[in-house]
């Protein structure tokens, strides 16, 4: 590869995308700087010279955010980037998934792909720049990568598809799709949508693939110009004689074990065969490498037989038909003190989801590279080891948990009511209690049940289903509601979530080169049938959201004040608002447009806080009459509190009908008197009169007396 800087450009959605090679990170196997608008991402690919002694392909993909890219200094005491943000973890997974299938089976050299985001133009996706950069860094390197791949985002505005929509366009779009693939096929899909029909989603995917072909042609030109010759790497292979011997010893028994329908019984039967074969070779004092090869051969026997049964005999490991859903069971309200709970069970997969409602002040604050500063809807997914009957250390969420949580969040967000209609922060936590595949989709179903139990007025209930594929040559079988073994040994994990009206989320991962339009279309239609079946089951448990919130959920009242009065409610250094909070125990959130949200479990305290705020922002009008308490007495008059935070002056001459020598002769501190507003001066000072009201009363009495005399 030439070590001199070279620049290549292409127009992408009306903005220039530029690739620079030969200047930065020259010690990496491959490196490119991708500029898209003002976004700049440095992508590098590095590989170990020797294969690792592992039974898998050790690929690591990192998407690294730097806050200098948006002109920010990290918060906190240390003032440097810490652990990756959720967005960075999701971007790493997004890049990993289309790249991983394009390395040869048996390639065991460690590969690391790193993309550092150095500058961000919000209208030009840094994730898509990083995906293109990662593919190019691998393609121009000497690493044996069978790409390139490319990815693009697709939106839809007023029925028209848009490539790489800007921030403004994304707000108007009802589809948020990321699609990646090779020039021949699609191999990764990630999408959120606002209840969009399957046919439209398929059209959006194919629309994105047309752009992908153009980006791949662009990459091929760059590889032609600056690419290195690919290294000759010896791929891992098991010994042919050993392979034959193990197969003769284990195949028949393994085939019988695989056809045990119950998960744990099947695993025990398979492990018994493995144990017998391993013990045979241990007795012959086989070394660790040989035992490793034996394990790999046994794994291949299982994989081949499972795939043969599915594609040839149309038999699934648990005996179901291809489009059959496992038995369903659901329950709501099983946790008394939570705001809402839903238990969803599908075969041996079980998720318990809990809904918690909070004030708008409980929103999650986001400190990253995006334009979004906070979010009021969250879904978190936990996968403890006991869910699969194993033991392991309990640590924080990993990439998988974060990815599954984000998928559930994306699926449910389109049906969450607006802040105006439901002024709450909503947090969902899905605890996976049993796992045999499709746990992320079970968490979506459980979360829908939990929100309906909590009284969240969803636009429509959402269910999710995971579809699988086993493909051999031109023959393939699409599976509904895949279980763990089918996911592990199959070619596709295609998750589809949505309502009865359309799709709200898609996620597709595949282990083969790519999928055709026909297979995608069939999978989407089969998923729709399964999704509607699951929705009908859920609605038989709870038909609609509860009309009342839990007694333990906060009550929120909304009021609107003049935006100019916000400063009065807050007070200097927050003194006034903190006083209200301390006095009532409520939470208060104020929007810039003057909308005030008051929340507390105690409705009486909510009402009290509202009254205080109303008094603070109330405008005094000339001619209004108040009953107020005398707060202060001076020689020239008395100061009367009309309502909380607002005083007025009754001049000594306005205290009584007769001449007053001393204010104290008429009123003293603590007296409650009725006064009328007679003037508000240019400085906003309120002048009051008691005399005017006394005179009016005197005149009324005189008029009454006169009427009485006339009637006599």
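Every residue gets a Cβ built from N, Cα and C, even glycine.
These figures come from a predicted structure and were not determined experimentally.
According to Swiss-Prot, the protein has these features:
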| type | residues | note |
| --- | --- | --- |
| BINDING | 487, 493 | Mg(2+) binding site |
| DOMAIN | 554-613 | domain 'KH' |
| DOMAIN | 623-691 | domain 'S1 motif' |
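Of the binding-site residues 487, 493, 493 has the largest number of other Cβ atoms within 10 Å of its own Cβ. Broken down by DSSP into helix, strand and coil, the domain 'S1 motif' (623-691) contains 7 helix, 36 strand, 26 coil. When pLDDT is averaged over the domain 'S1 motif' (623-691), the result is 91. For the domain 'KH' (554-613), the number of residues in each DSSP class (helix H, G, I; strand E, B; coil) is 32 helix, 16 strand, 12 coil.
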